[in-house]
Amino acid sequence: MTDAAEKTPAPETQLPKTYAPVEVEARRYAKWVADGRFKADDDSDREPYAIVIPPPNVTGQLHLGHALDHTLIDTLVRRERMRGKEALFLPGTDHAGISTQNVVERQLADKEGLSRHDLGREAFVDKVWEWKDVYHERISSQMKKIGDGVDWDRERFTLDDGLSAAVQTMFKRMYDDGMIYRAERIINWCPRCMTALSDIEVEHQEDAGELVSMRYGEGDASIVVATTRLETMLGDTAVAVHPDDERYRHLLGTTVEVPFTGRRIPIVADAHVDPEFGTGAVKVTPAHDPNDFAIGQRHGLESILIMDERGVITAHGPFEGLDRFEARSAIAAALRAEGRIVAEKRPYMHAVGHCERCDTTVEPRLSKQWFVKVERLAKTAGDAVRNGETKIYPPEMEKRYFSWVDNLLDWCISRQLWWGHRIPIWYGPNGEEVCVGPGETAPEGYVQDPDVLDTWFSSGLWPFSTFGWPEDTKALEKFYPTAVLVTGWDIIFFWVVRMMMFGTYAMGKAPFGEVFLHGLLRDKHGKKMSKSSGNGIDPLEVVDQYGADALRFMLARDANPGADAIASIELAEVARNFCNKLWNGTRFALMSGATLDGDLPTDLSLIDRWILSRLSRTIEAVDGHLGQYEFAKAMDALYHFAWDDVFDWYLELTKPVLAEGGQRAEDTRRVIGHVFDQLLRLLHPVIPFVTEELWLTLTGTEAQGDSLTVAAWPVPAGADDEAERLVGALQHLVTEVRRFRSDQGVKPSQPVPARFTGLDAAGLADQEPLIRALVRLEAEGEGFAPTAELAVSEHAAVALDTSGTIDVAAERARLEKALKVAEKELAGTAGKLGNEAFLAKAPDAVVDKIKARKATAEADIARITAQLERLA
């Protein structure tokens, strides 16, 4: 493990004046990969720490959500590597069945005027593989660009040979265990993608539809039902009422005719019907509604499919061949002509399912599909969290997790696609059915099921299939279960639950020790980022403009368990400025003679004791926050230690000491070297590029093969309460004097005669020369006539003679002008905050900013007014 403190730095410690991230990042990443810095060793005796990447879709490109996941994972893995663990960040991509097939189909249609059916299955799948190879390289290059410290030798793809064998093995085991079955059920069907969808692939949106009440039957024997899907009446096989509903008791057992079909259907009693909703009577279409299907099963009703996979009416009659929505309008017109429409409500707002991939309205329809029995799997996945085997951060997300696993329905896993894992079921000429495992061959004359598996089936195996399962590999033994899953809470059901179910089933252990769920990304106005809103940020554009470290620091600095994070170009600029400040601060330290040569001195000045104490507290804070996945708090601690303690105060406080020379100056140079060495180590996991460049310059050890990637993680050395108390008092004193000078219009370079009292009691007597140097206060001379006295602490005060240092008339004019500006700002902000119409429309983030501006204006007015009174 690298320990540069034991080495003598090289004499050449020059840094360019400005940091050029593009050049540094490309060079450093290539060097890390060439040196094998991210490779993990299966045979190592070090404690394992592995995180598998949430695999991005192979045909996509990295968006800001990916960048957030990757930044947080990389920060954790890099830190654990520095802590001496065998750390692994495993990369890979997902074949993304529906979305990938849709993309390639669109490309075929646009460029060649062909459909997949024109090509045929085999040729189309070959086209998709070609597409995958091109776009996989794009994803990989983007991951490198943002600094993902992954072991590229272990990269996986959900359709590679090894993972395909794992999927086939899992299917066969579950099939043989009776946990996979084929049945006719009501499923979600996308007429555009021409495939079944699981419940989690359906997005429900509030649509403006219509509610039509129609009459079945005639006279006293008639009954009125209401529906939002009028076309499904062609498949009605009953009308249902509640058994206790007295209004319809006389109709039970009778039949009514379905208009335009000549088919008579019974009126049945079923407890599922809500007598308080609508007319208390419901039409029953078992082949096109899940609740109706259940009613149909209880009453032995026929299930009639009235449309094909494209959503075109197939029921014999006048509406045959119409699209489902065309049929809806045509049937309404026909019913209206017969006087059967009792009431119509438009618009009628109701939740309608849409395909998450193409936004097509989903059609519930009866279909024979493959399903996974989830009851047993869901129980083990829930128990793993309940018994503490897996811990979820934040803990309040456990309730959301349990709400999913405790209410799971059997999972439809078959998809009517060509791109994906083919279902390993083969059918014989006489209806035989055989499941074929890896290395096995189906009997001659058998035909394979044409469907493929839901993408989430292979993704559910990701934490162990990527390590070689079902083989007993060294990697699987070393790294499973993985340390933590890092992902957004919005896919807790899509992915997290699936992995927990499959991991406990196949491995007997949950796939993660911990699950960290972050929130959604929002823009600077607090609005959720999305394609439709057009408010997203391209992470690669941020990298090109500000550097990868700026992107990473921006994302990590607002990431906490369960909480949404804000991202904006302005915040990227703040992060870039921090990296530049770190560069300039390190450059100043090097120019000041910072060194790592020899041990830290034991006889330290108050200022050096203070900064080492602040360093120790910062290490403790960062360790504590990252241990709870509180990235934002950890980054905030690092930011303020670096910017406030080191750059703004410590380097300033050391200038007089260094200028004076002698042993005290040499000791301080050694402390400066240590502080920057430790600071760069602490920051390296989140901003690896700039810290590596600076640290290797500081230590002068690049020629010896050193790298910050494997340097030892800092360890707290203990706090010095007295030093922090005394320097805190010194900082307050300096700040108050500087504020007074500024308020009085005294130039920073202008010496002011002053007399201190009470420094002994404040414990700062030894620091008087330093204080005078910092705030340009000279000794009182003859004729010293104090014009102001400041109480700068409980014990200490300073009297100042500012006579002759300011032009009173000019200063009064300046202050009066500033007062008008502040009063105008107060009036403007108060006006907006008093406008109810504005407050009703403005986002909370905007209102909060205006409130902050108003408070600042009020404080400015009070301060300037006090200054004018003093001048008078």
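Glycine is treated like the rest: Cβ placed from N, Cα and C.
What TrEMBL annotates here:
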type	residues	note
BINDING	Lys531	ATP binding site
COILED	812-867	coiled coil
DOMAIN	28-564	domain 'Aminoacyl-tRNA synthetase class Ia'
DOMAIN	608-753	domain 'Methionyl/Valyl/Leucyl/Isoleucyl-tRNA synthetase anticodon-binding'
DOMAIN	807-872	domain 'Valyl-tRNA synthetase tRNA-binding arm'
MOTIF	56-66	motif ''HIGH' region'
MOTIF	528-532	motif ''KMSKS' region'
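With a cut-off of 8 Å between Cβ atoms, the residues of this chain six or more beyond the motif ''HIGH' region' (56-66) that come close are 93-96, 99-100, 103-104, 131-132, 135-136, 138-139, 142-143, 146, 157, 488, 521, 529, 536-540, 555, 567.
With DSSP classes pooled into helix, strand and coil, the tally for the domain 'Methionyl/Valyl/Leucyl/Isoleucyl-tRNA synthetase anticodon-binding' (608-753) is 112 helix, 3 strand, 31 coil. Counted with DSSP, the domain 'Valyl-tRNA synthetase tRNA-binding arm' (807-872) comes out as 60 helix, 0 strand, 6 coil. Across the coiled coil (812-867), mean pLDDT in this model comes to 88.
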